[in-house]
Amino acid sequence: MNKIGRKSTMMALVIPFLLGWALIIWAQNFAMMVSGRFFLGLAGGAFCISAPQYSAEIAEKEIRGAIGSFFQLLISLGILFSYVVGAFLSVFWLSVLCGIMPIIFAAIFIIMPESPTYLVIKNKNTQAEESLKWLRGENYNPIQEIDELKANLSDEILKKVPFSVAIKERASISALVIGLGLLYFQQMCAINAILFYSTDIFAAANVGMDADISTIIIGIMQFFSSFMASVLVDRLGRRVLLLGSIIVMTITLFAIGTFFYIQSIDPETAETLGWLPLTSLCIYILAYPVGYGGIPWLVVSEVAPKKMKAFTGPIIGFFAWALLFL
């Protein structure tokens with residue numbers, strides 16, 4: 001990403017995305033299926049680092065926080081898409097539709113400019129000005145913004161600081177600890193288990209509603225909550241949204257666990273509480289995107305010192321996806 005650019009990196013990731021979906025679509029055995037998932041995970045992990053960074057670097061200061069939260073919003077939209085389509089189509093046709101998405105992305109994204117920040121780092125100032133004019137409008141004067149970028153990136157341009165040097169600074173260690181801590185608890189808060197097995201959870205809970213419909217409701221709630229997060233993130237602040245999200249998620253997970261405990265010892269009583277898992281999961285899904293969904297990634301990009309920015313993203317991204325694998 002720092003060698004070939006943000007745009008080129010994302011365009012290159014289309015290849016493993018296509019390869020992964022092709023292996024899944026035409027899988028003849030378990031090995032092909034696992035290989036497909038490997039390539040999709042590889043591309044998805046890299047995209048989760050490059051896409052937010054590109055978005056942050058092309059956005060104006062006033063909307064940078066909102067744009068950053070759009071990452072979680074669009075993840076929620078993708079999850080909702082898979083829930084809705086998966087309820088009516090086979091896995092094969094769902095995979096075909098998902099395999100088409102990277103092609104659509106490449107066809108649209110190819111017209112986008114490279115990140116002006118990356119271009120300034122590479123001393124391509126003329127191209128950086130053209131990029132900003134494309135993004136802000138032809139009548140925009142990019143000189144002041146280019147000068148600000150140069151001032152902010154001066155250390156990174158003048159000297160390439162190796163990781164062994166950057167990590168010795170207290171600010172770098174603090175940023176890494178904060179990032180790893182936030183991502184650890186994000187991945188360990190059961191969100192992925194709930195999203196991956198939501199249909200099975202509703203079927204086991206016997207909520208009196210079709211499990212696929214219940215899952216779609218969850219997807220809609222998550223998308224709505226992600227949209228609200230994009231509106232609130234710059235108004236209420238990261239800390240308020242994050243703490244509020246944690247408190248609500250803790251209460252709802254406790255309620256869900258209590259329901260399944262009651263179901264295991266007293267099934268008759270559990271039947272009268274069929275509303276509890278659906279309600280709790282809906283509230284949980286509403287709370288997650290508002291705080292714990294997108295804010296950790298946003299905070300990581302904001303607290304990292306300039307010398308560590310080139311290293312923080314890959315380290316945090318690898319850590320998060322390793323936890324997801326576990």
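Cβ atoms are placed via backbone N, Cα and C, with glycine included.
The domain 'Major facilitator superfamily (MFS) profile' annotation in TrEMBL covers 1-326. Taken from TrEMBL, the feature transmembrane segment covers 37-54, 66-85, 91-112, 173-197, 213-233, 240-262, 274-298.
Highest Cβ pair count under 8 Å relative to the transmembrane segment (213-233), across stretches 37-54, 66-85, 91-112, 173-197, 240-262: 66-85.
If you look at the transmembrane segment (240-262), the same-chain residues 6 or more away from its ends with a CB under 8 A from one of its CBs are 189-190, 204-205, 229, 232-233, 269-270, 273, 276-277, 280-281, 283-284, 286-288, 290-293, 295-296, 299.
For the transmembrane segment (37-54), same-chain residues at least 6 beyond its ends with a Cβ under 8 Å from one of its own Cβ atoms are 1, 6-7, 9-10, 13, 16-17, 19-21, 23-24, 68, 71, 115, 297-298, 301, 313-314, 316-318, 320-321, 325.
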